[in-house]
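> Got a structure here, written out as structure tokens. Questions coming.
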Amino acid sequence: MRRFLRPGHDPVRERLKRDLFQFNKTVEHGFPHQPSALGYSPSLRILAIGTRSGAIKLYGAPGVEFMGLHRENNAVTQIHLLPGQCQLVTLLDDNSLHLWSLKVKGGASELQEDESFTLRGPPGAAPSATQITVVLPHSSCELLYLGTESGNVFVVQLPAFRALEDRTISSDAVLQRLPEEARHRRVFEMVEALQEHPRDPNQILIGYSRGLVVIWDLQGSRVLYHFLSSQQLENIWWQRDGRLLVSCHSDGSYCQWPMSSEAQQPEPLRSLVPYGPFPCKAITKILWLTTRQGLPFTIFQGGMPRASYGDRHCTSVIHDGQQTAFDFTSRVIDFTVLTEADPAAAFDDPYALVVLAEEELVVIDLQTAGWPPVQLPYLASLHCSAITCSHHVSNIPLKLWERIIAAGSRQNAHFSTMEWPIDGGTSLTPAPPQRDLLLTGHEDGTVRFWDASGVCLRLLYKLSTVRVFLTDTDPNENLSAHGEDEWPPLRKVGSFDPYSDDPRLGIQKIFLCKYSGYLAVAGTAGQVLVLELNDEAAEQAVEQVEADLLQDQEGYRWKGHERLAAHSGPVRFEPGFQPFVLVQCQPPAVVTSLALHSEWRLVAFGTSHGFGLFDHQQRRQVFVKCTLHPSDQLALEGPLSRVKSLKKSLRQSFRRMRRSRVSSRKRRPAGPPGEVQEGSVKAERPGLQNMELAPVQRKIEARSVEDSFTGFVRTLYFADTYLRDSSRHCPSLWAGTNGGTIYAFSLRVPPAERRMDETVRAEQAKEIQLMHRAPVVGILVLDGHSVPLPEPLEVAHDLSKSPDMPGSHQLLVVSEEQFKVFTLPKVSAKLKLKLTALEGSRVRRVSVAHFGSRRAEDYGEHHLAVLTNLGDIQVVSLPLLKPQVRYSCIRREDVSGIASCVFTKYGQGFYLISPSEFERFSLSTKWLVEPRCLVDSAETKNHRPGNGAGPKKAPSRVRNSGTQSDGEEKQPGLVMERALLSDERVLKEIQSTLEGDRGSRNWRSHRAAVGCSLGNGGE
């Protein structure tokens, strides 16, 4: 009975916990997954994007962002922002309409759904009778005109969504008002286009799919003009002055129609097939925009020659003799053009083209010669190459920050200098208190550096490791280059490139030292690169060293992929991070753990075969250690051929079933232990009903060495601690494996004045075997004050107190199943905490975080942030290992999201909710990136962006986020993750990137290795 009862709560501690811990999902970084609709408000200067999962996202100035999620999770097919209002209407693929509003609450705007409506037909009518194809918000903001597949146009009153049946424009009524010769030439079919007259709100244009276009007088209920085309109509555009119509058609042509009072049925002024004369694909949308200079812009989507370029996704711009077909690597969803916002203006004067593709957003500067792209301050295509790992570094020194930005600015010379043109709303969030970096490794061998200081994720710099290796492609190849006489005049735009030249280039581990500027990256084929930040371009040879992890083993044969061939001579590297040494592991298996100690100039690396230590100052190998067990034969087969035998799979399955039956016999059969005990306590002692029950700890069973790859190196950790005796501390390297083994090596690092003359020596000092053989996921040493040891060079830069070396040190080992504290140097067990409460729970990520109090500026505590395979996040105290709070963060079915999670040094975190989006969350009350912004409908912006130094960075972007404290449930409907993760395709797409072979399934995504992260860089 006693073991189920937890001692009474300490009210002081509970109050302090409320000051330290609070769970929030704050913002989603990146590009919306599977976009399906685009909208724009010229008056508010707000862009809207809808997705197939039912989410809508609004973007304005950097830091201004809103998100909403339809309850039905149906695809958004159209978005229309009401003119001059903070309202928008969405159409879903289930034929429902939804009205959303931006309302001010507490001094900030929030996006809320006000009404929903489904158009109903008369009893017995076919579904096509009311299937909406086009939505036209009237300029009065009081009416919606709805074109349907039946050819009828229905009218709905806003904001109540009340159908006005007496105002319906039926196809029969239109037919009766047409001249006799036009009545029999066309079958109406569906409505393809609805447009309001730019100057007269009493006239609307109705375009039918078979080619008939009519101008309808709303007051007189009559046809003013009608136009007949011989081709199927796709879309239509009404010139700003109302004197010209431009229609586009299914054969790749467009026609210009004059609006003349002399003829009720005008003939086309001009009909043109821009990419003819051969058969072309349909032009699905066209804009004809006037300018003060007199020459219009013609911008259209599609129309490419069907035979040769039918697979291209293009949006074309024609102006003043210049024609360019912007070629995208993913399907174009829609586009819009930013023009003069005042509807009474005489000219459109377009200045920017905004194209929404399936995998990215591209903005083109139409004011600058050559029409260069504009750099995005948000909506970055994180998955331009698939993300394979992530690494977060907090509190970057200003000097390093400026050097990274300077290196990145040289890569952005091809971008326009135009200020970001979508600048509606006002961000109310203060500037971030520090500079943070999020580094993402990619399948194509690149590492991207993102400004993660606020909620507006911005690309600073891109590093490519491809130049080091011999590949089939030329790294200097310019994909956007084309000949002057080439036709069609294609130009590649955008950054999305889903194809990798060689999967072995993929980055698996990243470790950045923010004080020295050293960077270590490791890849899929056993390559470990050490790089140094250089402000100037350099041509240099990369020194190559081979690390044979099987040198003492016989009878093993690697069956996986080959190593990457590297350049033997000098290679030119641009300013930025430049590699100077390549350590090639043999066999060339995936690097599973990485650690860098820039003060000692050492880098440690681990694979499924063992680990090694390399001195990157003297360019020599210190030692290698093979960790293979005789049963680890599969570790030599490689990720492409690693398949477990059916016999072994069945044997292990039956073994688990037997264990489950045995353990179930030992428990009471009436349900979970906590529930059973709670019922018995209430029955026996009513007075104890309000006492809290301690969770039942699951029994930890010893694992067989055949259960997993026991030699798989999960984590590496450097520490200056007491390893041999309590009188003298020394540098050390710790390694934890998948079989529950911890290796400790004492290191002799020469002093700085003799560093190049004497060699680093290593000697194995200890080997610890955990009884339950669970994989070791984290190692940490605590000083005499039970505080984690500081980062390398952190004390030298006066950013941390010197560790307490005279006191007794403690070793914390975190396995998948328990936390255990040992005393040093004797390594005797002192404390332990088993992972509790739920059967099958395993530690997946663990990191040390500093939690500051929101009330007392000078008070803070170090704790462990722990993510389990069930998606729960727990905070565990140091050094007493007492659970503090637990939150439900990621769905347990989202294996890929759990695998991609990284923690920060101050209690925040990131994980992938789709291949292109990170969800950001916070566990801290103090370090909370809280986005707030304001959009005012009365504030109509008519200014045009000028050319400056590029987009100005704002500190944050806004999303309404729900707060979840311990024990509370998440607010429904606001998190896009719920919609995305209900789609199995999304989960499989992330999982295919982040989960490789069986041996690296749980560890290929690099966790945050900053500050006191356990295993500093390893898994």
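Heads up, the Cβ atoms here are built off N, Cα and C, so glycines get one too.
So Swiss-Prot has the following annotated:
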COMPBIAS  647-669  compositional bias 'Basic residues'
MOD_RES   S653  phosphoserine
MOD_RES   S965  phosphoserine
REGION    647-688  region 'Disordered'
REGION    939-975  region 'Disordered'
REGION    992-1019  region 'Disordered'
REPEAT    36-69  repeat 'WD 1'
REPEAT    76-117  repeat 'WD 2'
REPEAT    233-268  repeat 'WD 5'
REPEAT    282-324  repeat 'WD 6'
REPEAT    332-366  repeat 'WD 7'
REPEAT    388-464  repeat 'WD 8'
REPEAT    508-583  repeat 'WD 9'
REPEAT    592-653  repeat 'WD 10'
REPEAT    713-769  repeat 'WD 11'
REPEAT    778-830  repeat 'WD 12'
REPEAT    835-888  repeat 'WD 13'
REPEAT    902-925  repeat 'WD 14'
> Which listed range (36-69, 332-366, 388-464, 713-769) shows the maximal number of Cβ pairs under 8 Å with respect to the repeat 'WD 14' (902-925)?
388-464
> What stretch in 76-117, 233-268, 332-366, 388-464, 778-830 has the biggest tally of Cβ pairs under 8 Å against the repeat 'WD 6' (282-324)?
233-268
> What is the three-state DSSP composition of the repeat 'WD 5' (233-268), stated as helix, strand and coil residue counts?
0 helix, 17 strand, 19 coil
> Using a Cβ cut-off of under 8 Å, list the residues of the same chain at least 6 residues beyond the repeat 'WD 7' (332-366) that approach it.
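Sequence-distant neighbours of the repeat 'WD 7' (332-366): 31, 34-40, 42-43, 45, 47, 49, 83, 139, 198, 240-241, 285, 287, 289-292, 297, 299, 301, 313-315, 317, 319, 326, 372-374, 376, 379, 381, 383-384, 416, 418, 421-422, 493-496, 498, 916, 940-942, 944-945.
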> Can you see whether the repeat 'WD 9' (508-583) and the repeat 'WD 1' (36-69) are touching - at least 3 CB pairs under 8 angstroms, only pairs 6 or more apart in sequence?
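Touching, no - the repeat 'WD 9' (508-583) and the repeat 'WD 1' (36-69) miss the threshold of 3 or more Cβ pairs under 8 Å.
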> For the repeat 'WD 11' (713-769), what are the DSSP-based totals of helix, strand and coil residues?
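Helix, strand and coil residues of the repeat 'WD 11' (713-769) number 3 helix, 40 strand, 14 coil.
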> Compute the average pLDDT of the predicted model within the repeat 'WD 14' (902-925).
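Across the repeat 'WD 14' (902-925), the average pLDDT comes out at 95.
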> Within the repeat 'WD 2' (76-117), count helix residues (DSSP H, G, I), strand residues (E, B) and coil residues, in that order.
0 helix, 32 strand, 10 coil
